[in-house]
Amino acid sequence: MLKNDLFLRALKGETVQRPPVWMMRQAGRYLPEFRELRDKYDFFTRCETPELAAEITVQPIRRIAPDAAILFSDILVVPRAMGIHVELKDNLGPIIPNPIRSLADVHKVYVPDVNETLGYVFDAVKLTKEMLNDEVPLIGFAGSPWTIFCYAVEGKGSKSFDTAKGFCFSNPAAAHTLLQKITDTTILYLKEKIKSGVNAVQIFDSWGGMLSPVDYQEFSWKYINQIVDALADITPVIVFGKGCWFALGDMGKSRASALGVDWTCSARNARYLSGGNITLQGNFDPSRLLSPIPTIKKMVHEMIDEFGKDKYIVNLGHGILPNIPVDHAKAFIDAVKEYGN
Ligand SMILES: Cc1c2[nH]c(c1CCC(=O)O)Cc1[nH]c(c(CCC(=O)O)c1C)Cc1[nH]c(c(CCC(=O)O)c1C)Cc1[nH]c(c(C)c1CCC(=O)O)C2
């Protein structure tokens, strides 16, 4: 049905003429048409209004034409639905005015009826699917339980998430109760997103790399793996763990369809660590899009040579930065389409 199914074929590990490409955070501030809407509507209004979310999702498809769309939303809509108040402050990022710091706080957080609390996301998925007209697949996403937990406990962004880690190590029972509630909500949420029409899902474990390999197993991977197991029969799942190269071995043995890697891990190491058989996604340094266009194109071709064109999805190693010129973002996409020509 899809006119361009390269992305789904790479997720299945099929042989392709060139790898598919999309960019994490491709619907965002580097696009002037995005900034126009951002100046008119606050962040959660953009997330909660299906017409706005759908329009923002297709903006990069029109402008730079990647091989997949990712629904405009945020990982923080999930804790909001669980009764945790989240604000987004300009230049400060997310703020949770009453962070979770005790077992009593954990008991106040609930697993919601996702249709009641997150119905706007499912409406946005349906509307976006109509607007995309089967041109490219649509990716849905959620934060990993650990990454959501980091914000819920720390109360804000952080370089090290010491408070969140401290809560795990000093009060593990309470931490696990909260992580399980987030996991249960995320499974319900992603199942409904899939029912509404997304073609694949990605779990963003942006702060997994804050944990030691042993703690990662206990506080992050264990919960991500529950989500993967719950969804693997109904849709392809991509796991992106920023800084989590040490967990690629376990991830490669799971039922995930693909694994994201950041730019600190070479293609060769990522293939070796993940067992050599699973589709990998990544890992261009987002700052490298500030290089001159001919350099970007050359480096993208070298990256494809290193990962190999099969079982590979070209992407950045993390989200695109707001200061990237649009023609540089487009050069990244074009370079992949020109590969092998
Ligand atoms: C950690 C995280 C968050 N949100 C997300 C993550 C995981 C991925 C990552 O690590 O980058 C995921 C996310 N957030 C957003 C998307 C959109 C879809 C896409 O194009 O990829 C996705 C996939 C929109 C957004 N989410 C946010 C913006 C920018 C603010 C705005 O538009 O007003 C966008 C476009 C706000 C946000 N949301 C979050 C932060 C830390 C911030 C503020 C910092 C920042 O601006 O990057 C939490």
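Yeah, the Cβs are placed from backbone N, Cα and C, and that goes for glycine too.
Heads up, TrEMBL stuff is auto-annotated, nobody curated it.
For reference, TrEMBL has these:
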DOMAIN    20-29  domain 'Uroporphyrinogen decarboxylase (URO-D)'
BINDING   Arg25, Gln26, Ala27, Gly28, Arg29, Phe44, Asp74, Tyr151, Ser206, His318  substrate binding site
SITE      Asp74  site 'Transition state stabilizer'
DOMAIN    139-155  domain 'Uroporphyrinogen decarboxylase (URO-D)'
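Annotated features, which come from TrEMBL, shown on the structure.
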residue : record                 : contacts (Cβ under 8 Å, 6+ apart)
Arg25   : substrate binding site : Gly319, Ile320
Ala27   : substrate binding site : Phe34, Ile56, Thr57, Gln59, Pro60, Ile70, Phe72
Arg29   : substrate binding site : Arg35, Arg38, Pro322
Asp74   : substrate binding site : Phe43, Cys47, Leu88
Ser206  : substrate binding site : Ile75, Gly143, Ser144, Thr147, Phe240, Lys242, His318
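Counting only same-chain residues 6+ beyond the ends of the domain 'Uroporphyrinogen decarboxylase (URO-D)' (139-155), those with a CB under 8 A from a CB of the stretch are 22, 68-71, 73, 75-76, 78-79, 84, 86, 94-101, 109, 125, 161, 163-164, 167, 175, 178-180, 182-183, 186, 189-190, 193-194, 198-208, 210-211, 219-220, 223-224, 227, 238, 241. Using DSSP to sort the residues of the domain 'Uroporphyrinogen decarboxylase (URO-D)' (139-155) gives these counts of helix, strand and coil: 10 helix, 5 strand, 2 coil. In this record, substrate is bound by Arg25, Gln26, Ala27, Gly28, Arg29, Phe44, Asp74, Tyr151, Ser206, His318; the longest C-alpha to C-alpha distance in that set is 22 Å.
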